[in-house]
Amino acid sequence: MQIWDLAEYAAWALSALLGIYIVTDWLKTDSRYSEEELTSSREGQLEAITEQHEL
Amino acid sequence: MSDITRNTPGIAEASEAAPTQNGGLLRVLGPAHIWALGVGIVLVGEYMGWNFAVGKGGAYAALIACWFAGILYSCVAMIDSEVTSTVAAAGGQYTQAKHIIGPLMAFNVGLYLVFAYTMLEAANAITVGFLVETVAGMTGHEGLNPQPFIVLAIMFLAWLNYRGVLATLTFNLVITAFAFTAILILFLATSPLFGESPLKHAELMTGLPYGWLGVLAAMHFGLWFYLGIEGTCQAAEEVRSPSRSLPFGTLAGVMTLAIAATLTWYLCVGLMPWEYLGQSGAPLFDAARMSGSTALTVLLGIGTLFATLASANGCINDASRAWFAMGRDHYLPSWFGAVHPVYRTPYRSIIFLVPIALIFALGAPLDQVITFSILSGLLEYTFMPLNVIMFRRKWPLDTIKRGYEHPFHPVPAIVLLCLCGITFFAVFLGYGTQLVAMIAFYIVVSLWFHFRRYRFVQRAAQFTMPWPKPQGY
């Protein structure tokens, strides 16, 4: 069945495209933003603003 | 706020907290997404895997295992709902352990989570390859190479996770709802309510072929009915209202799974003899085929594929959040604690785990991958009773606001601990070597963390939750 052979090639090609997209975006992002900015997330940020966890 | 932080040893001052509110994960999820995350990871266990419990001890043994595992996971869901609705941060049980028990426990729990979900993701990808190969075989094409489909499944879901959590879990919601509805339709279509039923319980049901030892052995695979529901906690930092959404989504999820598990058992044991069912690769799909309806066969075939993809998708989401949280706290290199400035996802953690999933999906046998996942999950459940007992002692009910308070404490914790002990014994009967090897692995990495890694952890900066001082400190 030729369609299944084509499906195999299509799956490889699509996987490669998705991989290239992810890696390209990753490298672009890392070069465009500072490390401090990228790693600025802190646990409990929203709670610190909106919730006091007190009764 | 300032009083709370000053009073609490280890809690960071405002100056040490994030420079901006915008650097974190995006809070966009609702209770339906939490339901989809939890049920999505698990529902594949209804479509395949649980039936090996039938092979271990017969149909009734699988039902007993299903109910005992249901009690175990109800305890897990109740405990998780209480603690996570309070510790609403990425990392789920890892973050709970960090706040409530201590760094070494947290490091171990973080690894349990990452391994459990990454291995399950790899197992799901292998299953996608198997399903495509089966469909190709049914159309007359033999010798299909499943590898490109395994790779495509992982790459597509990684890309989806990379692009944003809302799209990822909305996708999960749609395919999980489809897979669950497919089970309901199969049940209704084969029930005596609408004419003649193909179910033959009276002829097919037998006693316990291997006695009560078979029931014990069936517990190992009974976990499959619910394994992964605790993954709802990983979305804690991305839900709009953690105190409402997490308990609602998690408890609704475990109820959904109890219904799906019982219906699945009832359907399958009424359509197939236990000797066959105990070895089936895709029991619900086989049940649909035995109903004689082409429409049901197609529906359950698509349901099987969707359940597998939903599980892998949820696993990527959860493993990356746990890895990200450990990086953010410097338990791992802080490089992993980065958030994508546009998509607001832990993109480096997602990328890092892709090759690991690919290596296991392409190079390891399915049963070993699954066993590693189950054992990591079981270790995680064993930590939960200790966690909740310490949580209630350090922060009693009248000292801290909870989104949900689980009833009958400490009964669920004790029941959970006992059931974990029984399941460990059941797993030891079948996979003793793997169990010992894995515990040895976690001991070695614990030593590494204690002697080599913990010096890099900024002890104050890892506690930024605005909590009151724990009792006794």
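Cβ coordinates come from backbone N, Cα and C, glycine included.
Database features (TrEMBL):
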- B:34-53: transmembrane segment (TRANSMEM)
- B:59-79: transmembrane segment (TRANSMEM)
- B:100-120: transmembrane segment (TRANSMEM)
- B:144-162: transmembrane segment (TRANSMEM)
- B:169-189: transmembrane segment (TRANSMEM)
- B:209-227: transmembrane segment (TRANSMEM)
- B:248-274: transmembrane segment (TRANSMEM)
- B:294-316: transmembrane segment (TRANSMEM)
- B:350-366: transmembrane segment (TRANSMEM)
- B:372-391: transmembrane segment (TRANSMEM)
- B:411-429: transmembrane segment (TRANSMEM)
- B:435-451: transmembrane segment (TRANSMEM)
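B:372-391 is the stretch from B:34-53, B:248-274, B:372-391, B:435-451 with the greatest number of Cβ pairs below 8 Å to the transmembrane segment (B:100-120). Non-local neighbours of the transmembrane segment (B:209-227) in the same chain are 41-42, 45-46, 49-54, 56-58, 61-62, 64-66, 68-70, 72-73, 120, 254, 257, 260-261, 264, 274, 373-374, 377-378, 422-423, 425-427, 429-431; each lies 6+ residues outside the stretch with a CB under 8 Å from one of its CB atoms. The largest share of C-beta pairs under 8 angstroms with the transmembrane segment (B:294-316) comes from B:169-189, of the ranges B:59-79, B:144-162, B:169-189, B:350-366, B:411-429. The stretches the transmembrane segment (B:372-391) and the transmembrane segment (B:435-451) meet in space: the count of Cβ pairs below 8 angstroms, excluding pairs fewer than 6 apart in sequence, reaches at least three.
Highlighted: of the candidate stretches B:59-79, B:144-162, B:248-274, B:435-451, B:59-79 has the greatest count of Cβ pairs under 8 Å to the transmembrane segment (B:411-429).
Between the transmembrane segment (B:350-366) and the transmembrane segment (B:59-79), the number of CB pairs under 8 angstroms, six or more residues apart, is fewer than three, so the stretches are not in contact. Counting residues 6+ beyond its ends, the transmembrane segment (B:435-451) has Cβ neighbours under 8 Å at 103-104, 107-108, 111-112, 331, 372, 375-376, 379, 424, 427-428 in the same chain.
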